[in-house]
Amino acid sequence: MAENQNLDTLKTPGAVFFIFGATGDLARRKLFPAIYSLYREGKLDEDFAVIGVARRPRTQEEFREDVYRSIQEFCRYSSEQDSEWHAFAQHFEYKSLDINNIDGFRELREQTEQLETKFNIPGNRLFYLALAPELFGSVSFNLMKGGMLDGEGWNRLVIEKPFGYDLESAAKLNEEIRKVFKEEEIYRIDHYLGKEMVQNIEVMRFANAFFEPLWNNKHIANIQITLGETVGVEERGGYYDHAGALRDMGQNHMLQLLTMIAMEPPSRLLAEDIRDEKVKVLRSLRPYASHEEVKNNVVRGQYTHGSAGGKDLPAYREEDKVNSESNTETYFAARVFVDNFRWAGVPFYIRTGKRLPVKTTEVVVEFKRMPTNVYLGQKHSLEPNLLVIRVNPMEGIYVKINAKKPGSESEIAPVAMDFCQSCIVGINSPEAYERLLHDAARGDSTYFTRWDEVASAWSFVDRIANAWRENQGELESYPAGSWGPKRADELLEEDGFHWWPVNGQLEDNVVWLKN
Ligand SMILES: NC(=O)C1=CN([C@@H]2O[C@H](COP(=O)(O)OP(=O)(O)OC[C@H]3O[C@@H](n4cnc5c(N)ncnc54)[C@H](OP(=O)(O)O)[C@@H]3O)[C@@H](O)[C@H]2O)C=CC1
Ligand SMILES: O=C1O[C@H](COP(=O)(O)O)[C@@H](O)[C@H](O)[C@H]1O
């Protein structure tokens, strides 16, 4: 991030955006809507073009119609098919191309140059690979061979997860890409880093005087991170059955969220300084020294048949494109330690799963109890203070403190200070993809993952995956619609803690609001 710039108002420089995988799900649900929102917000320079690339044949008009439908269905702004829309749509073109066909890239180059001339674009090119990762290496190579990187301006490569299957495959993938692109030209997407409240963690921690002095093992008892989903694997059973929850959510979103909570304050708010601090956290994660340690600290589960909201839900093994004897985990929870001065001894409990009762991303920071309870003997024992960072779908910050119950002589009860950001900003909160596309086009890599972060995260996760492969982590079952295996509760109970309710249900604990 450049210092002292108001990045909210900065327009992207003139550029061509290439969406490889333009007929796919991600382009339709996230990327086209993100481009349109940027345009509507005045954040996209008028000198832009988008070239959608995939194998399927599409005329230019058909492609523009696809884009229109995706915006109508998924964008926070809508549009009529009016003259303004048609002016916008003229910036979109399609190229049918198999990424293994080098001649296609030469044709793409001609098409690009024509568009650059037509819209007065200074040769900047952003290549977004919404493709299966196996294709990343070939696309990069063919972009170079086809002369697509010889423009007058910058070239940037934006790549989607999963970045590899383990450290070895990720390193190989990285090597292939790095033959063509420099590290600073590569933008590895982790869409959780584009979420409003994930970015707010940094601001909250480093722009408020009262958090930082308490943000350490002297005052914090434990931290709980929950990434819960109500959905199953939907149409992505083929991919998911190969990946599982640990690789799909743990290696990336979960550990990235943990780094934002645990990192030291960077000396400057520059991308490299922030990423340096994040990678230090990942390197400080205590590796599980043996398969036995994995077994004692990590829980893996898979959902069985269940129900939610009166609806019958199938077992994971009955889902489309999932092996009927699959041992893939759809849930995992772990007790993790960050072995540095700040966090020594503080357990981070992390959990994620499909088919849980609520869709929620939440961080609960539980503070240590008061050293003595001068109110002993009262009806209610003192509850620990909690700071809850609500990332999704509710966005906000909630603090639970103890206060005298109004009207009573001396009764203490938990009360809430609740900043509900989503109640104020509502649905206009920018989507993660919108923000990340805007950042990549402006060359701001703060909220993208650097290779050393990806590699450190994989080496932590690989130890768990290896132990599981050798069957040292029993696959527990949980009914769809429940909070996961019981063993995940025991993980905290062993340390004298419990999972705090998430998604607004914590309010049930706030005694005097209820009574
Ligand atoms: N969908 C999502 O919500 C998310 C997706 N991702 C990641 O994003 C990437 C894309 O996902 P998604 O959109 O769901 O996948 P889809 O399968 O829906 O789309 C894949 C796209 O790749 C194109 N494609 C496949 N092979 C070739 C080829 N040889 N040459 C040119 N184009 C090709 C397909 O078009 P055609 O068949 O016409 O060639 C299609 O447009 C994956 O890496 C996925 O893991 C990450 C997070 C979320
Ligand atoms: O990357 C992924 O994230 C989604 C969850 O994202 P969210 O923004 O809706 O919380 C998850 O469903 C998917 O399996 C995973 O690949």
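Glycine is treated like the rest: Cβ placed from N, Cα and C.
Just so you know, TrEMBL annotations are computer predictions that nobody has curated.
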(message) Using only what TrEMBL says about substrate binding by His191, Lys195, Asp248, Lys354, Lys359, identify which of Glu168, Glu229, Glu272 is listed for that site too.
(response) Glu229
(request) Determine the binding-site residues, out of Thr23, Ile99, Asp248, lying near ligand 2 in the sense that the CB is under 6 Å from one of its atoms, and give them in sequence order. (result) Asp248
(message) Check the DSSP secondary structure of Asp25 (NADP(+) binding site), expressed as helix, strand or coil.
(response) helix
(request) Can you tell me which of Arg55, Lys195, Glu229, Asp248, His253, Lys354, our recorded positions, come within under 6 Å of ligand 1 at the Cβ? (result) Arg55
(request) Pick out which of the binding-site residues Asp25, Glu229, Asp248 has the most other Cβ atoms within 10 Å of its own Cβ. (result) Asp248
(request) Average the per-residue pLDDT over the domain 'Glucose-6-phosphate dehydrogenase NAD-binding' (19-200) and send me the rounded value. (result) 96
(request) Sorry to bug you, but what's the C-alpha spacing from Ile99 (NADP(+) binding site) to Glu229 (substrate binding site), rounded to the closest Å? (result) 34
(request) Pick the one among the binding-site residues Arg55, Ile99, Lys195 whose Cβ has the fewest other Cβ atoms within 10 Å in this structure. (result) Arg55
(request) Give the three-state DSSP assignment (helix, strand or coil) for Lys195 (substrate binding site). (result) coil
